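Asker: Supplied in structure tokens, the structure appears directly below.
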Amino acid sequence: MEKRPPDGLAFMKMHGLGNDFVVIDSRGRGAETAGRVTPALARALGDRNRGVGFDQLAEIRDAAGADFALDFWNSDGSRAGACGNATRCVSDHMMRQLGREAVTLVTARGGLSAVRRGDGLVSVNMGPPVLDWRDVPLSREVDLLHLPLEGDPVAVGMGNPHAVFFVPDAESVDVAGWGARVEHDPLFPARTNVEFASLVGPDHLRMRVWERGTGITLACGSGACATAVAAHLRGLTGRRVVMDVDGGRLELDWRDDGVWMTGPVAHVFDGWLSPEFLAAVA
Ligand SMILES: N[C@@H](CCC[C@H](N)C(=O)O)C(=O)O
């Protein structure tokens, strides 16, 4: 194996249910110091042909009052305020590194916590849903439970915006076409993630997703949380559901302290960005 260049940049590739991430560890620079990731680096790395490829890039930073902080980017270089599956993946990594079964972290939406369950699955408390139109955000005051859009979606914020459509059969939806149209609807001033869900049994949902800034992905943790909240608010389910996404199954539980999401995580490989790649991006 070639020796790692001293001026390259180490990264990990991880995924949760096929929602895949590049993770860069920028700890050791102080909680007040900005990270090393720029929109240009996120875009270049996110290119599946010329970079590494990912649905989201997660950067670990120092945090005051928590084990670590996490920032997220989409593959188009835009920032994401939340990423549930990356939070579960990085929390698993940090639990292993710290020799613990629970960690606390800070994201753009505030403090979160994660634990490893006895069965090895990782749970994260994604915090309470945002149900005020200004904070989702929406561009004007409307009924969040019945947005004035074709298909009658529900709006839920989980630190990022989501529009959840309940459809008779999620399998037959044109996720790319419909999702892209809704992502850019003027009702969402910061664009939106879009979920299409069907009830397939008691407290059992099937969900497919179009992610803002990325496109179709095999899973979206914050989208699963938003869908579980929307399904309960619409009277379709209780507060605990299982949800089948393209990449597997998540468990959701909307408790008094927030929406808990549980599922598997995978560490795929450790890599090293070459100085040439970094110089071309700078
Ligand atoms: N895959 C993520 C959500 C990613 C963020 C999203 N694309 C956004 O722009 O808000 C998850 O697991 O939550």
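First residue shown is number 1, and so on along the chain.
Just so it is clear, glycine is given a Cβ too, placed from its N, Cα and C backbone atoms.
When I checked TrEMBL for this same protein, it listed these features:
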ACT_SITE  C83  active site
ACT_SITE  C83  active site, proton donor
ACT_SITE  C220  active site, proton acceptor
BINDING   N19, Q56, N74, G84, N85, N160, N193, E211, R212, G221, S222  substrate binding site
Asker: Considering all pairs of residues in N19, Q56, N74, G84, N85, N160, N193, E211, R212, G221, S222, annotated in the record as contacting substrate, what is the maximal C-alpha distance expressed in whole angstrom?
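Answerer: The two farthest binding residues have Cα atoms 17 Å apart.
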Asker: Relative to the mean position of the Cβ atoms of N19, Q56, N74, G84, N85, N160, N193, E211, R212, G221, S222, the recorded substrate site, which additional same-chain residues have Cβ within 8 Å?
Answerer: D55, F72, A80, A82, C83, A86, V209, T214, T217, C220, G223
Asker: Using DSSP reduced to three states, classify N193 (substrate binding site) as helix, strand or coil.
Answerer: strand
Asker: Cβ-Cβ under 8 Å from S222 (substrate binding site), same chain, 6 or more residues apart: which ones?
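Answerer: Once residues fewer than 6 apart are set aside, S222 (substrate binding site) is near A82, C83, G84, M126, M158, G159, N160, H162, N193.
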Asker: Below 8 Å Cβ to Cβ and six or more residues apart, same chain only. Which residues does that give for N19 (substrate binding site)?
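Answerer: When sequence neighbours closer than 6 are ignored, N19 (substrate binding site) has D55, Q56, N85, A86, T217, L218, A219, C220, G221, G247 within Cβ distance under 8 Å.
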Asker: Counting other CB atoms within 10 A of each CB, which of the active-site residues C83, C220 comes out lowest?
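Answerer: Ranked by other Cβ atoms within 10 Å, the active-site residues C83, C220 bottom out at C83.
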Asker: Could you tally the C-beta atoms, other than its own, that fall within 10 angstroms of the C-beta of N85 (substrate binding site)?
Answerer: 35
Asker: For R212 (substrate binding site), write down the residues of its own chain that are at least 6 apart in sequence and whose Cβ falls under 8 Å from its Cβ; none is a fine answer.
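Answerer: Listed in sequence order: N74, S78, A80, N160, P161, E183, R191, T192, N193, V194.
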Asker: Between the binding-site residues N74, N193, whose Cβ has more other Cβ atoms within 10 Å than any of the rest?
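Answerer: Result of the Cβ crowding comparison: N193.
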